[in-house]
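Please read the structure below before turning to the comments.
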Amino acid sequence: MTEAVTPQTGLSRNGGPGAGSVWRVAGPVVVATGLKEARLYNVVYVGEARLPGEVIRIDGKRTVIQVYEDTSGIRVGEPVQDTGAPLQVELGPGLLGAIFDGTQRPLPAMAASNGDPYGAPTISRGVAIPALDRERLWDFVPAVSEGDEVVPGDLLGTVEETEALVHKVLVPHGVSGIVTGVTRGPARVEEPVVRVNGEPVAMMRRWPVREPRPTARRLDPEVPLVTGQRVVDTLFPVALGGTATIPGGFGTGKTVLEQSLARYSHADVVVYVGCGERGNELTEVLEEFPELVDPNTGAPLMQRTILIANTSNMPVAAREASIYTGITLAEYFRDQGYDVALMADSTSRWGEALREVSGRLEEMPAEEGYPAYLSTRLAEFYERAGSVVTLGKEGREGSVTVVGAVSPPGGDFSEPITQHTLRLAGTFWALDTSLARGRHFPAINWGTSYTLYELDAWFEREVREDWSEQRAWMQDLLQREGSLLEIVQLLGADALASPQRVVLAAGRLLREDFLQQSAFDEVDAYCALPKQYAMLRVIRAVHKALSAAVERGAPVEAASSVPAAGEVGRMRYWPDDEFEERAAALISRVEREMEELG
Amino acid sequence: MTERKAKDGPDFERLFAVEHRTVSYVSGPLLVAERAGDAGYDEMVDVVTPAGETRRGQVLEVEGDKMVVQVLGGTRGLNRPGTTVRTTGEVAKTAVGPDLIGRILDGSGHPVDGGPPLQPAAYQSVNGQPLNPYARAHPSDFIETGISAIDGLNTLVRGQKLPIFGGFGLPAMELAAQIAESARVPGSGNEEVTDDFVVVFAAIGVTHREAAFFRRRFAGSAALERSILFLNLADDPTVERLLTPRAALTAAEYLAWEEGRHVLVILADVTNYCEALREVSAAREEIPGRRGYPGYMYTDLASLFERAGRVRGRSGSVTQLMILSMPDDDITHPIPDLTGYITEGQIVLSRELDRRGISPPIDVLPSLSRLMNAGVGAGKTREDHRAVADQLYAAFARGKELRSLVSIVGEQALSEEDRRNLAFAEDFEEQFVGQGPNRRTMEETLETAWRLLDRFSSGELKRIKPELIERYRSRATVSATQEEG
């Protein structure tokens, strides 16, 4: 695959082999005739309105096209034009902080009209605005000089794209040789900044979205993506370069969790794909992210974020494309040696878009009307995640971590998208309707969730050596509490012996004061790893003191309601810098007060 | 019908009008006409019956020189040789403008109240255009519905879409009518209470009994003066139901975006809409998704519900309340399920509460307003609102839990605090939720809440900050004493 380094101008003229006409229109699917040279996945323009679409089937003389815009009013016989190229995204400086639709059209530029930034609030058809600003000047600092020999992936130069991130301009794929010219200083994205063997190379390039970008080799996932969410980091961490899935019925907090991850994850770049979801939720992201500060760099959060917004009322075929657009942008920053997190909310809407188009094609359906190739498509997407060594002499390491939300109908995890995703994802965060009903958030069910990544060594090295031992204690206690709660449901708490009620008391602390975390509280929304460790240590100490007190004959109620125990619930609001000290003080207070009970 | 046609669209449409006497297939709501290459996808056509009656139709598919049309007026009496299909070159449009306010219209937007012809400001495409997410403003001002269980715990916010999940036999329509009558938009900040508030009520596939109920409720109150009523009856042609909510939303959007009004759109009943969608899909022999509903139902519903919102730089808003009957009270049925994934929360009605005579029978535990946080608090409702709601919720949830426990172990096994909780749950349902037909202001709702919480010690009110307890608890007690005195 050769990376297109100069703008695409390969549009066929009217009447050539690239011109055909509309023969059938049914929803987002258009059938054209006369496109003799159209290749599968080529982009075509449909009708007088020039609506962009993609060739999804070739059947004799008929070419089947999924159209990215509303097809109302299209008539049989209107022209169809083949661009000769597949769906591509533009890559270069100016991506960070941008807000695109599913096919990388910039939404802010589309909303502006006559000097009013919101003058055109609705999306009209056939608008074509390039993704990257063609006029903006970027200060290109070369890293090569004339005479250097370069191969694809080598660093050509840098652009300080935001305060927090240096954009690396690399040698495009398909280009190698001797540097014959270098231009320093301000340049537009399409202007050549370097010449290789006399050929101009600009900062902007294109890449087909359905094709994974090449790398040198894959690495084993050994480092966690730190998210600041206690239940995630402590119990079910995901690796950098790993995949995680969040299935949950409506109201279980998928979107809130995805947004928390987008805010607080220790990633260099976050690509957030809002795929077929609510417009008002995306607006919330659009309004909040520029105000929020990245806890790691201190720069505005928006400066490391790319938003791809294709709300549920925007055309369905563009929804299908949005996932690929998102992951291609993620791979582009991975290739520069960054850790990228991609949040897709929700992959079910993407699957439904596949189903809708498949239905219009009258394909033989598999389970629940989804096409038989659903699992293949899901695999193609999730397997683009990974921790890699990039092309080029530098041997940079970068990663793409994918977190995909799933919206199973009726909250039933046996449906096809959840099941196929489970086969692919390394981490499973099962959102539970009954936890959500009880306002336990994040509503991740600790009994059914799992992670397949073995990251204990990292936590023991970077946080504390008994990290995994402490976590094992917690999981065991939660397990025992769960079995006891079933008995309580039937017989009441009185039926239990004192030691068992101690387990209940400690389990409740774990659930309410550790696993629950408020996404809306300023301090609690992000919990650093040392704080997570220390909170758990406090609860473990309470459990120990409680067991000891009850063994000495103290009543469970009295012991678990000593004043210091009430403080446990306040721990989450303690700021990081004084946490260690206050945690140690609390532990000794708990021990003292329980001693005093006798 | 023919008279309507003359003023239904711009004049130039007749230039494009081409007549086809080439019908080859008629079945259910569908008709196929051949040699009709000039039809555009999704456009409107006129179908003239052999008896000379004109019915509206919509093009569902064009293929070669063939078009598939769904006939809004039904296909009864159509035949092959005598039926004419006339293309218009226009997608479905509906009359919009302030003149619609106070009128009762049929499911396609034509007056049925015996009043004068409409004087529309414009005709607009019923499909609308998707709002650019970047141009949306996040909803942040509440609407006072006058219902405590909504205002207090699941606050409705301007620009929100919130469904009411009912079931057959539950008073969802009554609740909708009550909200339509009593909803207010309080002025935000220093603005005065605004009177630019309009209710657009779209009754989709309702029975004559329900229609009569709405007419009576609206005619008997001042509410009609600020309302538009669209009535598609259960025995009206099925496919018209697909048009009704779109016509209503188009009328609402004009009032909101062009005239800066706050519009509350009530769609009742979405279940009937989905049934119509399934019927048309089956007639087209499409591959069915879950329970026979078409695979694109999510997208289709989203194209309605997502038309709620606010736009930056414009003062109006479109808020949607949809009534939805859960078949067999099953919340996992595709209709409530897909709706719940699109809307920003849900209000759930309970059969148990209804049987106990609690009105409105809102089950607060599964109910949720996702945008509540943005619409409540100091400067909007009251600073203690969020905390009071959390506390009510927690105490009620605990009370409900204890209720099922008590049925096993008996009340004497409970501690003092638990007994208070149990009694609270009872009083909460009867006094807070069960307010009857009365309208409560936000202030009254919060005072009722504080009165109910008064039985708990300050230490037990864990969700409310001590300073808020101090500030508001005494007020409630004092006002309660005054009432008694």
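Residue positions begin at 1 at the first shown residue.
Using N, Cα and C of the backbone, Cβ positions are placed for all residues, glycine too.
Here is what TrEMBL says about this protein:
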- A:GLY248, A:GLY249, A:PHE250, A:GLY251, A:THR252, A:GLY253, A:LYS254, A:THR255: ATP binding site (BINDING)
- A:24-84: domain 'ATPase F1/V1/A1 complex alpha/beta subunit N-terminal' (DOMAIN)
- A:129-210: domain 'ATPsynthase alpha/beta subunit barrel-sandwich' (DOMAIN)
- A:228-450: domain 'ATPase F1/V1/A1 complex alpha/beta subunit nucleotide-binding' (DOMAIN)
- A:457-552: domain 'ATP synthase A/B type C-terminal' (DOMAIN)
A:GLY249 (ATP binding site) -> DSSP, reduced to three states, gives coil
For the domain 'ATPsynthase alpha/beta subunit barrel-sandwich' (A:129-210), which stretch among A:24-84, A:228-450, A:457-552 has the most Cβ pairs under 8 A?
-> A:228-450
Suppose we call a site close when its Cβ is under 8 Å from a Cβ of chain B; which of the binding-site residues A:GLY248, A:PHE250, A:GLY251, A:GLY253, A:THR255 are close?
-> A:PHE250, A:GLY251
Using the centroid of the Cβ atoms of A:GLY248, A:GLY249, A:PHE250, A:GLY251, A:THR252, A:GLY253, A:LYS254, A:THR255 as reference, list every other same-chain residue with Cβ within 8 Å of it (recorded ATP site), in sequence order.
-> A:SER407, A:LEU431, A:THR433, A:ALA436, A:ALA443
Top of the binding-site residues A:GLY248, A:GLY253 by count of other CB atoms within 10 A is A:GLY248
Out of A:GLY249, A:GLY251, which of the binding-site residues has the smallest number of neighbouring Cβ atoms within 10 Å?
-> A:GLY251
Under 8 Å by Cβ from A:LYS254 (ATP binding site), same chain, sequence gap 6 or more = A:ILE246, A:GLY248, A:ASP345, A:SER346, A:ALA405, A:SER407, A:LEU431
What number of additional C-beta atoms lies within 10 angstroms of the C-beta atom of A:THR252 (ATP binding site)?
-> 26
Just checking, which of A:PHE250, A:THR255 (binding-site residues) has the fewest C-beta atoms within 10 Å of its C-beta?
-> A:THR255
Can you see whether DSSP assigns A:THR255 (ATP binding site) to helix, strand or coil?
-> helix
Helix, strand and coil totals (DSSP H, G, I; E, B; other) for the domain 'ATPsynthase alpha/beta subunit barrel-sandwich' (A:129-210) | 0 helix, 40 strand, 42 coil
Confidence summary for the domain 'ATP synthase A/B type C-terminal' (A:457-552), mean pLDDT rounded | 92
